[in-house]
Each structure stands twice: as structure tokens, then as C-alpha cells.
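Asker: Sharing the record's features from TrEMBL:
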- 34, 35, 36, 37, 38, 83, 84, 113, 136, 174, 289, 313: NAD(+) binding site (BINDING)
- 115: active site, N6-AMP-lysine intermediate (ACT_SITE)
- 407, 410, 425, 431: Zn(2+) binding site (BINDING)
- 593-671: domain 'BRCT' (DOMAIN)
């Protein structure tokens, strides 16, 4: 391999793995199996060793992974939450054992623990009281979710007095959801027309990061605690600490085992590889730790993981079955997704009949033929995926699967935009799944949030001919008598629905804009567009250049917006909604300035403060004529920094020589 090829490959792998880290740690939506991720990481690590001059200082091989979400206060971990080295085979585990023996001799034990497939959490206790719960985040800092964590019944809010615990300690654990609870809640989501979660881990992660703790309390989360951190050592071994924290009131896992040697470890692994499907929760491997704390200290750490522990990951279960046919689904944006329909087969304790095929590229990659025998893997997702085909069992006259060229719902020729993997049906005004999907999106919680009107009702009303456009929803009051005669809706439910529709007319412009379902215009983009353009008229008149001048609006989004408003049907629809009284002008709040002492100055607020909340500081700045920016640039005059501010912001501010001040200095500027 030439240097140029190595450089290109390192850059590509680095970018890909960073994205996978973001998908896994931040979005909780992994798009690659752990096994495939680790193989790519191993490949990158090997290349970086051969060509260190091309290694990114921020390479995934040097980091735990994941950035911090913006919904919660960011808190720095007192003791970093490092990742563990992974292995998938017995030889690598034996090599790990040999490294331990070489470093500390033969006199040591292992503790084997189930590796839970959930959300890692750090809990802080002061004087026996739970004071903080923080997600793993990037391992150095995470999101504070204390209010939500306190709703989990197996996490004690206060420990019993006199149990021997220290005044201050952290304890690490994994928040998860039992499979039965997951199935029940996911079925409820499906019945309500909501998108189901892919697996219990995603459900647990999404729940912990909800804004409303009352909603969190409705979801039965659980938590196993497995590692104690204290200022001064209380115990000589990890095993002793596990027994002790159990007496303090913490929920530890009953299946952990003390092992005298690597043979015992292998027996433990083999046992749980077979029995894991009998558990009520998901595990994806076994964690092996050197038991003695002084030996742990002697072994030390690498840049990203302890040398005294390793994670043995179970391979995702894989089975062979027959491909019966490929069907296609149409989403609200017109994206057409292929789905493999399979001969039913038992996989990971459940019967599998369908597998995702993602897009046309995947069908080509697999070289899929009708009637093929395929290998199916379920690595945590609800819908499994086809990993490969068994060509030896392919019939001689088998016909290749050709991605369809027309929409399965309306027979319109499909289109594929340059740079996109998906094919789209362009008939957005005549394709039933798109029409229904757009209306379901419009009434959704994050858009117009119409009470009394759900996805199933939208589908029924469309099939009965009552609605075919978003604006028709606001004409339903004229069909009240007909709706009652249908027998499907009671008078009370009809009244609730009509009241919810009327109340939605007060939803702000940004919610209406998001509800229109313009491709690439999510919640955040809709909010920024509403703030920048102030009205639908100015937005509809904006050119691509004017759109990209708005904060964080790129050319792809701008192009999509101009294409949307170029359509007469969309403009007519907006006019009908305007006539119904929906909000198409951003609310202008009258601002009475306390002073103009900060006029012409731009600020960013980061971190936490003792005297003020960040919202209070924002109000103080704006009331005195200052402006809040969303990102650090040369336009910034001051970075107002509190505790636990993000290191990336600090580094960028220093590079640009931007003054960094505290809240006291901000008040001094005004006074």
C-alpha cells in the first residue's frame, strides 16, 4: 500500500468510526454491529501504527467516543468512565490472561460479570443521599439526568444509616429495561401510531433522556450497580465491594462469579452464551476484571481502557433461512425501503419473518436472488438483517432481485437524487402512504400536537374520504354529523378531536413549519428558519443564497425548501391553512431594555453557574442590548464560562483569542 492510499484509508475509517460512535453514544441508534465496529477499529489501529504520520489526534482509537447532547447540563466525571477492550474469541482472552501473568505473576483472581446491554450511568452519593446521576457521555463528561434517575425504583434515593458507607462516593451501573416491559410498551407505541424503539437499550436510553420525569416514571426501568469509586480505599478487592454495596441497598447482579483462573472464566462465558436468552433482560457479553485493587493499580490503564479488565462480546446469533420475496414500503417523504420476507425461523429466542434490506445498494452488495438461502443476524435490532447469501444453495435458474422502478403504492416511476442511497416516489400529492404519512407527521407531538387525533384515526379518515390534505383536518368540524353516523367514533371522542384541532391553531409558526414535513426541515431547522425569516411569506420568497445566509442552513436544506415552495399545490395548501387561522408569523416579543451597555456585543454562555441559570444570564445579556450566538466564531466578543463547560468550546475560544469571563465579570460589564 502506498502512503497516499494509507492516508486516504485512515481518513475514511476515522470519519466512519466517529460517525458510528456518535450514532451509538449520543443518538443511541447504532447502525453497525459491535463485531463489525471492533474489526474496523482494529484495522484503523493497525494502519495508524504503520503510518503514525497520518493518524488523527482525535482518532476513535484514542477516545471512548460520543459527544454530549444539548438537552441537559453537562457534568464532568470525577473518575472518568473508560471503555473496556473487547475480544470475541478464546485465543485473545488467553493472550489477555498471559499479559496479566507477565505483569503481576500467577497469584490473582478474576471476577466475571454479565455485560448488560443498557445505558451506562454514574451515581454520586453524599452522606447517604443520591445527589447526582450522570450518563457516560464521552467518558470524561456526561449529561446530568438526576431527576429522571430518581424515578427508578431499584436506585436508592437515600441509604440506611449506619451501613458503613463513606461520606462521598460514586457507583457505576447500567440502566436497562426488561424484555417483557419493552414488548408491552413498544406494542402501545405501535397501537398509538408511534415509531417503535429498535431494542430495549434504545428504549432505556431514550427514556432516561426525556425532559418530563413524570413520563420517565411511567416506564419501568431497572438498574444493576457494578463498580464503586471512593476517595480512600475501603476494600481490598472488587468482590468485597460488590458484597458490601449490596448490604448498603444497591441492586447488584446475582450471577457474578469469583474465578480462580482463566479456565473458570471460559466455563462462565460458555455457560452464559447458551443461557443468556433465558434471562429477562439483554446481555451482550461478559466483563472480566482482576479482583484485587492493588493489582489493578499496578496494571494501570491505556489511553482509553484499563489493562486489568476486558469485555468478551458474544457474537450475534446467526441462522440460515429462505428468502420468500422482497416487498417495499413507502415513507411520508416518499423514500421506498425494501424488506426481505423470510421463511419463519427461530433466532435469539424469537420467530423472525422479516429482515431489513436498507436500500438498492444493499441488494446489489448481497447479490440477492429470488429464493436464495440467506444468513440472518439479530444484533439487538427488532428487525434483523441479512448478512450474506449462501451461494452453494442457490438454484441454477435463480433470478436476481432487481430493485423495482415504480412506486409499490401508486406505480409512479421512482427517482434517485445524486448522492443519496434511497429511491423516492415523486408523487407526493397522489401517493396514499405519503399523503397519510404527511398528515400523521403534522398532528404529531413534536409538530401540532393535536389531542384526540392519532395516526390510526388519520388513516381511517383518509380511507373514508374525509381528508386528503393537511388543510382538510381543519374542515372536519363540518363533517361532525357524518362522523357520528360511522359508528367508529363516539360523540365524546369526536368533540375531543375537534377541540384539539381548534386548539392547535395557536401553535407557534416554528411548529407549523415543522409540521409541513419539508424534507430535511427538522425541529431545530424549523426553529432557526422561523427566527431568521419571521414569516412564511419571507421564507417562501427566499432564494437559495438568502436561505444559506441563515444560521446553520446548508445548501441541501435550502434547495429542498425552494423546491417545496415552488409547487403551486404547497402554496395553495399554506393559503388554506392561513385562512383557517394557523400561525405563519413568528411572535415578536416586545423587549424593554434595561440598558444598552452590551449593545453591539456577542456572547456565548457555557457551563453551570452558582448564582444564575443559563437562561437567566441569557435574559440579562439580551435585556442590556447584547446578543447570544449559537457557535464560537470571530464574531464572538465574550465567552461567559461556568463550571464544567465543554473543552471544545474552551479550546476554540483560546485559538481565536476570545476573552473568557465569569458571571461576576459579566455583571461588572453592565454595572
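Glycine residues also receive a Cβ, built from the backbone N, Cα and C atoms like all the rest.
Curation does not apply to TrEMBL; its annotations are automatic.
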Asker: Highest CB neighbour count within 10 A among the binding-site residues 84, 410?
Answerer: 84
Asker: Identify, in sequence order, the residues in the chain of the residue listed as 'active site, N6-AMP-lysine intermediate' that are 6 or more apart from it along the sequence and have a CB within less than 8 Å of its CB; answer 'none' if there are none.
Answerer: 283, 284, 285, 286, 287, 311, 312, 313
Asker: List, in sequence order, the residues of the same chain other than 407, 410, 425, 431 whose Cβ lies within 8 Å of the centroid of the Cβ atoms of the recorded Zn(2+) site.
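Answerer: Other same-chain residues with Cβ inside the cutoff are 330, 334, 406, 408, 409, 411, 412, 426, 427, 430, 432, 433, 434.
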Asker: When DSSP states are folded down to helix, strand and coil, where does residue 407 (Zn(2+) binding site) land?
Answerer: coil
Asker: Determine, from DSSP, whether residue 289 (NAD(+) binding site) sits in helix, strand or coil.
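Answerer: Reduced to three states, the DSSP call for residue 289 (NAD(+) binding site) is strand.
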Asker: CB neighbours of residue 34 (NAD(+) binding site) within 10 A?
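Answerer: If we count other Cβ atoms within 10 Å of residue 34 (NAD(+) binding site), we arrive at 21.
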Asker: Compare the C-alpha of residue 136 (NAD(+) binding site) with the C-alpha of each of the binding-site residues 407, 410, 425, 431, and give the closest one.
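Answerer: The answer is 425.
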Asker: Can you name the residues of this chain that are 6 or more positions from residue 289 (NAD(+) binding site) yet have a C-beta less than 8 Å from its C-beta?
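Answerer: The list for residue 289 (NAD(+) binding site) reads 110, 111, 113, 238, 296, 308, 309, given in order along the sequence.
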Asker: Cα of residue 34 (NAD(+) binding site) to Cα of residue 425 (Zn(2+) binding site): how many Å, rounded?
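Answerer: The Cα atom of residue 34 (NAD(+) binding site) is 34 Å away from the Cα atom of residue 425 (Zn(2+) binding site).
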Asker: If I take the Cα of residue 407 (Zn(2+) binding site) as reference, which of the binding-site residues 36, 38, 84 has the closest Cα?
Answerer: 36
Asker: How far apart, in angstrom, are the most distant Cα atoms among the NAD(+)-binding residues 34, 35, 36, 37, 38, 83, 84, 113, 136, 174, 289, 313?
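Answerer: Answer in Å: the longest Cα-Cα distance is 24.
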